[in-house]
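Going by TrEMBL, these are the annotated features:
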| type | residues | note |
| --- | --- | --- |
| DOMAIN | 356-419 | domain 'HMA' |
| TRANSMEM | 18-36 | transmembrane segment |
| TRANSMEM | 111-132 | transmembrane segment |
| TRANSMEM | 185-205 | transmembrane segment |
| TRANSMEM | 217-242 | transmembrane segment |
| TRANSMEM | 248-269 | transmembrane segment |
| TRANSMEM | 278-299 | transmembrane segment |
| TRANSMEM | 319-338 | transmembrane segment |
Amino acid sequence: MNFFKNYFTALWDLTIEMAPYLLLGFLIAGLLNGVFTKDWLQRKLGQPGFASSIKAALFGIPLPLCSCGVIPTGVSFHKNGASKGATTSFLISTPQTGVDSILITYALMGWAYAIIRPIIAFVTGVFGGFIADNYVLTEQINASDCTDDSCNSCEVEDSASNKQGWFNRIFKYAFVTFLQDISRYLVLGLALAALITVAVPDSLFTEYVDQAWLNMLIVLIASVPLYVCATASVPIAAALLLKGISPGAAIVFLMAGPATNIATFTVLWNTIGKKTTLVYLSSIIGGALLFGFLIDYILPESLYNYFLPITNITEQQHHILPHWLMIGSGIILIYLIIQAEIIRFIPKKQNLKTTDMTTYKIKGMTCNHCVANVEKNLGNLEQVNDVNVNLDKGTVQVEGQATEDQIKSTIESIGYQFEGKS
């Protein structure tokens, strides 16, 4: 009984600790969605050279994009004239962090981690871009995987979104669309962090895995093939720190976890090419280990652990924000997550109109931006009158005279798998 009490206490304390910063991060993400359009970013990243790699990393760092979501954006940049270096830099730097995850890092792990994360993302992104520009010269984008009309920005909406008005572009995106995309990963991350807090012995890493390099190696092997978003990775890393994992290993997890997973490798391998994918992967792994060793063996450990806000998750020792604000933000966050999940399962009005619609199965859609991508490209077909996508079921309903071959060709051209009629 004490275990469950301690678990839910830790879960609640973690939630209210990060809630104010997370809500602020959502709002800033919405503002970024309203300001940075896809066309604007493509113009800025269109020139080849080292400067474009720097700009791509700087643009990518604050954007709240996951490793799968960054792919259509980056590939679209390249298809529209961005250099291979700028594309690679954007693909590496963007999923490692975001304005929301930076704020959460500050809340749970202190300013040292919050500062070092975007610096590492920038350095690894620019380095990967430099290598891609100078040593990967023979590969071309696979046109069948991504056409000019098919690749959408995953976090920023194109000019069609102007019709929705500024409210939808900022607030609906921040507290509905974006929240829906990360809510399940966020809840899972918090649940795992609370479980680590109460179930893992405090002496596990200090007694049995007391070598920093071994900490980093174990974390790297575990995090590279799996997916965890930049925001959800923070409470897990904070909980591991409290159990004795080295600061460098925590940085390895914060880098490799959000930026890599098996699905990302597969798509990149078939879109930007094998060599560039290897540059992408080696830059992240090499950068994670390099900065991990730098933090563990060169920089003083007190710099990172002294400012760790949560020295005991179940005993809140000090807070920058008032406790009432944290509790209120926690309640609001829980309400928004529940609302986002309810909205996810409420069918659109158009979905009720099934008599003249054909349903097809699609594999590979992971977020609301995938939904927008499919709906836009199928909607561009002259023979299509209406399109409705169900993300959870992995289906699309199409109304019109378009043939199955046309639907199949369009779906496959934007990187998804067409599995026929449902």
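Backbone N, Cα and C define each Cβ position, glycine as well.
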Kindly say whether the transmembrane segment (248-269) and the transmembrane segment (319-338) touch, using the definition of 3 or more Cβ pairs under 8 Å where each pair is 6 or more positions apart.
no
Of 111-132, 185-205, 217-242, 278-299, 319-338, whichever stretch has the most CB pairs under 8 A to the transmembrane segment (18-36):
319-338
In the same chain, who gets a Cβ under 8 Å from the transmembrane segment (319-338) while lying at least 6 residues past its ends?
12, 15-17, 19-20, 22-23, 175, 179, 183, 186-187, 309
Residue numbers, six or more beyond the limits of the transmembrane segment (111-132), whose CB comes under 8 Å of its CB atoms:
50, 52-54, 56-58, 60-61, 83-94, 96-97, 101-103, 105, 247, 250-251, 254-255, 276, 279-280, 283-284, 287-288, 291, 295, 303-304, 307
May I have the DSSP-based helix, strand and coil counts for the residues of the domain 'HMA' (356-419)?
22 helix, 23 strand, 19 coil
